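**Q** If you look up TrEMBL, you'll see B:95-298 marked as domain 'ABC transmembrane type-1'. According to TrEMBL, the transmembrane segment annotation covers B:36-61, B:91-120, B:132-156, B:162-181, B:213-233, B:279-302.
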Amino acid sequence: MQQSATSSVPRASGAAGDKIFEWLCRGAGLLVLALLGAIILTLFIGGLPAFREFGVSFLWSTDWNPVEGRESYGAAVAVLGTVITAILAILIAVPAAFGIAFYLTELAPEWIRGPVGTAIELLAAIPSIIFGMWGLFILVPIIQNYIQLPFGEVLGAIPVIGVIFESNNFAGTSLFAAAVVLAIMILPFIAATMRDVFLTVPAVYKESAYGLGCTRWEVMNKVVIPYTRVSVVGGIMLGLGRALGETMAVTFVIGNANRIATSIFDPSTTIASVVAMEFPESLMGSLKQSSLLALGFLLFVISFIVLATSRWLLRSRLK
Amino acid sequence: MSSTTSLTGLQMAAAPAKDQATARALGRRRRAVDGIVRWACIGSTIIGLIFLASILATLIYRGFGALDLTVLTREFEPTTYGDPDAIRGGLFHAIVGSLIQTAIATVVGTPIGLLVGTYLAEYARGSKLGEAIRFVSDVLLSAPSILIGLFIYQMVVLPMGGFSGLAGSLALAIIVIPVVVRTTEDMLTLIPNTLREAVVGLGAPKWKMITLVTWRAALSGIVTGVLLAFARITGETAPLLLTSFGNSVTSWDLGRSMASLPIAIYQQANSGFPDLVDIAWAGALLVTLGVLSINVIARVLLRKRK
């Protein structure tokens, strides 16, 4: 069109286009930053009335009383349930995830690695509500009949710590059931991260060890693990972060009881599941709603710390 | 492997070799430990696969039994347990609601995620701001989704005065963003710089280089990311519970509460009525089949790339 004009016209439009596009991209990036800030701020502001009403004791109060006029809410039961289920889940999942990662990187024949690796990754893709249903209808009866009863009888006889295993819970939904479901859910995440960091070990190191006549376990134990230790812990933290915030699967199998469980076979609750169960039916702007938002804020702080640590530990291996 | 010559050999060199019997015993022990660990690893892999198989088998067994045309075409009906003549309900309302909300969320979240990923890969390599955005995006990727539900509740549901399909879509859109960011950045970083230099060398402005060349070169990877994000939100339940809440009839109105498959599954699975639980299994089968097949398609796309 403007053939006669100097070449500065298309050049200028290109430069303007560049500016606009760069700012579009940067703006989207800033939006993501703002999003995180807004989430934290919203939860804190929403929880402020509860923090004001109950003060710091909100953190260790075990109350959960929605009766009008005597309303009193505390975070202790849910926070404790969250932490116990997540840690139990890690204790169950980590050895298994390590086994899978070791198998897939060092032991399995080449033709098995691909399909099995994919299968484990598909386990990670299954929605949490499916884990919840499967947990409730399949796993809970198994746990109740074959783990809770025999373990309760045998381990319950141990003085002092026996209490942890003793329960007369007939529903079967319990902290332990939630931990097992969580363990299965985070297993593929931890296994995949471990596999990826194990693969970053330079082949020369492993070959040197094999050349000395080391067995595969010795190579794993003396070469691969020391080389990847920090990243492995990062992978475990990633699993922990996921376990802390998992909602639907836990809600199905934990029993949702707002009281401190004395036994791992007793029902209890977690922050995420108490929010899922009670928030939709609480009145807009009520003290209960504010308490649930305050719980959400606590959950955010806990999982943010765990996830940030995980990323920091993994920074060198997985960019 | 002849293990008697290895570490044992080293130790024997350190301490004067005494007898062959000790060495052989040590070798046996090492091989035994290796064997135990190997079988433990094979065992844990098998256990992992058994869980996957058990979930899939349960879904197929319970789901296919209940899945028929009625489930796909009818809306929610209260339980008909014990009354064989009554009209059974279905999940049509939930399927429609899920499709609407996931579609809007993908359409809203994808461009933002794409731009952020582009910023990280093309503009902010090594910059402080880029580092911060990458970190925040990764935290959002693993952050508890129910908190995103709480956030949207405060930001959208409260001001609008009630649960709505719009709120549900926005909550899902926030979940889409970090997934798309991650894959977009990964895929764009894989594009060789020579390609960029060639385009810029021809005198093209940077934005044209990105939109016409690098995006196109990374297209299958970016599409994979969008598919994975779509699969992820298809099964999301917790944020919807606090935003679109669920509905027992088909609703096309974004301003009011809207049903979705995961919520319908959740409510009917916990109803205690066997016929409703069956419908929930049918829904669970639908969701899982959808999510897993999208994942498989995404994987095939990605493999073609490599």
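FYI, residue positions are counted from 1 along the chain as it appears here.
Even glycines carry a Cβ here, placed using N, Cα and C.
If you look at the structure here, what lies around each of the features I listed?
**A** For the transmembrane segment (B:132-156), the list of distant contacts is 116, 119-120, 124, 164, 166-167, 170-171, 174-175, 177-179, 181-182, 185, 236, 238-243: same-chain residues at least six beyond its ends, Cβ to Cβ under 8 Å.
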**Q** Which sequence-distant residues neighbour the transmembrane segment (B:36-61)? Criterion: at least 6 residues beyond either end, Cβ under 8 Å.
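**A** Cβ under 8 Å, 6 or more out: 281, 284-285, 288.
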**Q** Hey, would you say the transmembrane segment (B:279-302) packs against the transmembrane segment (B:91-120), going by three or more CB pairs under 8 A that are 6+ residues apart?
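**A** Touching, yes - the transmembrane segment (B:279-302) and the transmembrane segment (B:91-120) meet the threshold of 3 or more Cβ pairs under 8 Å.
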**Q** With a Cβ cut-off under 8 Å, give me the same-chain residues at least six positions beyond the ends of the transmembrane segment (B:213-233) that come close to it.
**A** 102, 105-106, 109-110, 113-114, 117-118, 122, 172, 175-176, 179-180, 182-184, 186-188, 190-191, 195-196, 199, 204, 290-291, 294-295, 297-298, 301-302, 304-305
